[in-house]
Amino acid sequence: MGLDIQTEIDKIVIEKVKPEVEYYDVMGGSHRWEVKVHDHGKVALVDTMPRLAPVGQTADFSICQAARVSYGAGTKKVTEDKGLIRYLYRHQHTSPFEMVEFKFHCVMPVFIARQWIRHRTANVNEYSARYSVLPDKFYHPSIEEVRKQSTSNRQGGEEALEPKTAQEFLDYLDKVEENYKTYNELLEKGLSRELGRIGLPVSIYTEWYWKIDLHNLFHFLRLRMDSHSQKEIRDYANTIFALIRPIVPVACEAFIDYAFESLKLTRLEIEAIRTGSPLNTTNKREIEEFEEKKKLLFPNTQA
C-alpha cells in the first residue's frame, strides 16, 4: 500500500454511534449452541449476524430493517415486523433474508458431507486429510436403522431391512472400518496422508465450518428436512432448524407456513382440480405425485 493511500486512510474518522435503544446478545452470551447427532456427529451454532438485537425483539428485526431501507422507514412495531416478514417470504422477496447469517461447526460422515456440499451457496472450510490424520470415528447405524431400498424412490430407503441381512450389512461395515488400522500403519511407514486417505470408507467422520445466509439456508432446509431426503442428513437439517428457530422465530414460522408445509400446483394440476378431470398427462410419475397432493388437499375424499 502506497504512502499516499495510507495517509488518506489515516484521515478517515470513525464515529462509534451509541444505540438509541438497549440491545442484547441473541445467543444469550454463549459462544456456541451444540447438539449431538448420531454416534459421533454434532452441529454447533457458533455465531450469527446480527449478534445483537433490540431488547424485546429477535434477529428477525434485521430482515425488516433491510426491507424498509427501500422506502426510508426505520424499524417499526414488532407486530408490523411479523406481517412484513410473512409478506416478504410469501412473495419471494429474498434479499432481506440474506441479511441474516449463521455460522455452524458441523461434524458428519463423509457420505453426508458429499450430499451437503451440493448446496453451493455457503462458505465452507473443511478438515483436510491431506494435512492431518483422520480420527478413528465411523458412522455405524443401529440394526433398526438399516433400511431396505425404496420401491418408489431410487435414491432412498424406506422401512427397516429384515434382521439377517441388516446384520450382514453391519458386519460389512465392521470389516471396512478395519481399513483404518492399515491406514495408520502405512502413514507410520511414510505414506503420504493425501494418498493414505483414499482407502478409507465414506462412513468416516469429517468436520467443517459452514456459514450461510438465511435465504439460502431455508432452501437447504426445505430440501433436506423433506421426507424424501436421506434420513441421516435429515437429522442434521432438523437439528439446524432447531438451532436457528429461537433466533429468527418469525422467519422460521413463515418458512414452515409458506414453503415446507405448502404445496406447489402445476398448471395441469390446477386444471384437473378445477374441472374434476384426470391429469392431462401420460407421465406415471406426474400422476403419482398429483395423487399424493390430492390426499393432502382432500384427506376426507374417497379414492
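Quick reminder: no glycine exception, Cβ is built from N, Cα and C everywhere.
Swiss-Prot names Q115, W116, I117, R118, E126, Y127, S128, A129, R130, R197 for binding dUMP. Of R86, R90, R222, R224, the residue it gives for the same site is R224.
Annotated FAD binding in Swiss-Prot involves R118, H119, R120, E126, D213, L214, H215, H219 plus, out of the candidates S95, S142, S150, S192, the residue S95. Ranking the binding-site residues H119, R130, H219, R224 by how many Cβ atoms sit within 10 Å of each one's Cβ puts R224 at the top. Same-chain residues at least 6 positions away in sequence with a Cβ under 8 Å from that of S95 (FAD binding site) are, in sequence order, A66, H215. Within the same chain, the residues at least 6 positions away from I117 (dUMP binding site) whose Cβ sits under 8 Å from its Cβ are V124, listed in sequence order.
Neighbour counts of Cβ atoms within 10 Å were compared for the binding-site residues Q115, S128, and the top value is held by Q115.
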